Amino acid sequence: MKVIQVAHRGGEYPVYIGQGLLATTSVWSRHLHGRVLVVTDQTVAEHYLARLKPVLSEIDHKQRVILPEGEEQKTLANWQRLIDELVELGAQRDATVVALGGGVIGDMAGFAAAAYMRGIGVIQVPTTLLAQVDAAVGGKTGVNLAAGKNLVGAFHSPAAVIVDVDTLTTLDDRDYRAGLAEVVKYGAIRDAGFLAWLEQEADALTARLPDALMEAVFRSVGNKAEVVAADEREAGERALLNFGHTFGHALETATGYQRFRHGEAVAIGMGLAARLSEWLGLAPVGTADRLLALLRRLDLPTELPDDVAADRLLALMRLDKKNAADQIRLVLLEDIGRAVVRPCPSDDIREVLMP
Ligand SMILES: NC(=O)c1ccc[n+]([C@@H]2O[C@H](COP(=O)([O-])OP(=O)(O)OC[C@H]3O[C@@H](n4cnc5c(N)ncnc54)[C@H](O)[C@@H]3O)[C@@H](O)[C@H]2O)c1
Ligand SMILES: O=C(O)C(=O)C[C@@H](O)[C@H](O)[C@H](O)COP(=O)(O)O
Ligand SMILES: [Zn+2]
């Protein structure tokens, strides 16, 4: 097992990465306090809820809630359901929420923990690649609105993150590949050496070879941990983690959170942001093609669908949380491994939305 410590304003928390951790009581014991609410979704419950038995057997007051799955379920209504479950459990300030699942469960359960009694503990137990390399670390929690992605939420650091890479064996191909998009993101924005390694290991990664996969998870979490420790509340550098997301979130919202996985929308968005970076003369010619080639090798989508209008996407991008002074602010590349945030006029953005 490897452990990465993540610093935050209240102290630090460990991210444990290894095999068989769901049932390793010694990893869990010092982080479980008070009454325990385990939050998961149907598919994850079928695969993994029983594995928590040894860990939960000593807890007298516990409850589990199994939510319907999918991005369209990351709603205030389901968040409210979690709050109601905490009340019914008699959870007090010392209670613990266990978020067992992908990023949807992690964001929603984390937000319930952030809000209930103004904040109780949460242990993030990510079971998708995307959640292991990104969503579970850093304390961003929240839900979507019909008007926009993650528009309601809070920063709430977990007490611990338990990454059991064994869970990735049951993940379907589409969700696995979606997770690779966020892995590529770290290489693109801040770690050119990692991107070169990903190019070398693309086949091993699509085949889920254990050594390559473990290395990808570890290096991704390391990158994320460094960024969020330096800028927990997104006052500066953390915004770079939003590379591809301004386009991606607009695409997810425009399609009712039902057509694209988050990672797929981010892959399309990273391609657009890279093309725009080149068109603006910010990144050297060839930067976008290199990134797009890697995304395609990983079987990720890179093109906008024909039936989503550019003006609809632009309208949704105006609601992005990075914006200020009525300007859309985008994460752009200066090169592979170097990113910046820049205000961008709509006419420039149209260049890549309507090429
Ligand atoms: N908080 C953050 O910093 C952050 C970062 C990145 C993404 N996110 C959010 O994460 C969400 C996307 O997360 P996701 O890609 O994990 O999607 P998800 O949570 O919807 O999970 C995808 C699917 O995989 C299934 N699943 C989960 N684990 C499984 C396993 N081990 N075996 C088989 N099936 C399994 C789920 O039931 C679901 O159907 C988005 O809402 C995104 O906004 C948040
Ligand atoms: O941790 C962050 O910061 C990120 O931006 C990571 C993103 O991958 C993630 O999708 C996040 O939820 C986006 O946050 P938002 O603030 O743009 O909604
Ligand atoms: Zn993301």
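Glycine residues also receive a Cβ, built from the backbone N, Cα and C atoms like all the rest.
The Zn(2+) site recorded in TrEMBL comprises His245, His262 together with one of Glu182, Glu334, Glu351, namely Glu182. Checked against ligand 2, the binding-site residues Glu69, Glu72, Gly103, Thr128, His245 give His245 in sequence order as having a Cβ less than 6 Å away from one of its atoms. Only Thr128, Thr167, Thr170 of the binding-site residues listed as Glu72, Thr128, Thr167, Thr170, His245 bring a Cβ under 6 Å of any atom of ligand 1; the order follows the sequence. Secondary structure of the domain '3-dehydroquinate synthase N-terminal' (65-177) per DSSP, as helix, strand and coil residue counts: 51 helix, 34 strand, 28 coil. For the recorded Zn(2+) site, residues Glu182, His245, His262 set the reference point as the centre of their Cβ atoms, and the other residues of that chain within 8 Å of it by Cβ are Leu130, Asp134, Ala181, Lys185, Gly244, Gly248, Gly263, Ala265, Val266, Gly269. Fewest Cβ neighbours within 10 Å among the binding-site residues Thr128, Thr167, Thr170: that distinction goes to Thr170.
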